[in-house]
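Note sheet for the following structure.
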Amino acid sequence: MTDINDDVSKDDDKHATEHEETLGTILRHARENKGLSQQDVAARLHLRASIVADIENDEFCNIASSTYVRGYVRNYARFLEVDSQCIEACLSRQVPVITAPVMQSFSRKTTQKNRDNWLMIVTYLIVIVSLALLVLWWLQKPADVTGTFSKPTVEELQPESDLAATTADQQATTVNASDSNGPKAEDTPIENPGMTVASNDAGVQDNGVQAAPTGTSATLTAEADTPTDKLSPPAAQVTPTDATNSDTTVPDTALNAKLDIVLQGDCWIKATDADGNTLVDGLKSAGKSIAVSGKAPISLVLGAPQSVSLSFNGMAVDLARFPVGRVARLTLPQA
């Protein structure tokens, strides 16, 4: 009875051992059945003999990682032509899959940084384009219509400059002629007192001292010549000199020529007197009154004559004859 129980327990142990076969046992039996040694398998699989021994002894801890264990076992089983399903079942039982921890990738941060860089670049481009369009619009902005019509061109101002230069030359010629005539009128009165004094001195010499020496006569003659210069100022009171002064009063009146300008709108104005002096020059705003004086004739350029009221020496000047929107040129007093 005891022998029968022992046989039953041996059979149970054999079945349990067969049921719990491991990777190492399966691979070792397959290798032995093929008549191969561990060195032969290691040479064929290009592995160290110690790794083959560790696999057959189910000592997987000596191998780097479970991934390498699975790869070595599968290659070993394929080489020995062992059932792959049995091998996979043993692998799942003996070498469980270890889930690797989730690693945080820095590529997400890099992507976000790249996205921000692109956003900044686009923003800068929009700002630059906006500024460029603003500058282009400012450069192509139409000019003020009033300023365009009021301010004359260089070609329009050139005849006016020539006219002013010609008038100045004529006035200078007239003044030089008056100066050359003036001293001639004064020479005659100055000579007459000298001659009178000389004759009076001669009379004194004849009546007073007839036996005077020659030296005394020469002295008296010199004294008679000296008062001639002292008597020159009274000669200015002679009637011919007064006539000359009355003739020269005409340029004094010309020097006091007065020009009054009242603007109802913006207008470019340039006024030049006979000497070439600029009395007014530039763009003047509406509502402004200008009063200037200078030597006649006065040359005047008006950019917008319809916006100006003009008077010369208190007399109103009619500007209605000038077309609207055109530059007006005139000389005062008008002929």
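Cβ atoms are placed via backbone N, Cα and C, with glycine included.
According to TrEMBL, the protein carries these features:
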DOMAIN    27-59  domain 'HTH cro/C1-type'
TRANSMEM  118-139  transmembrane segment
REGION    154-248  region 'Disordered'
COMPBIAS  164-174  compositional bias 'Low complexity'
COMPBIAS  238-248  compositional bias 'Polar residues'
On average, what pLDDT score does this prediction assign to the domain 'HTH cro/C1-type' (27-59)?
88
If you run through the domain 'HTH cro/C1-type' (27-59) with DSSP, how many residues end up as helix, strand and coil?
24 helix, 0 strand, 9 coil
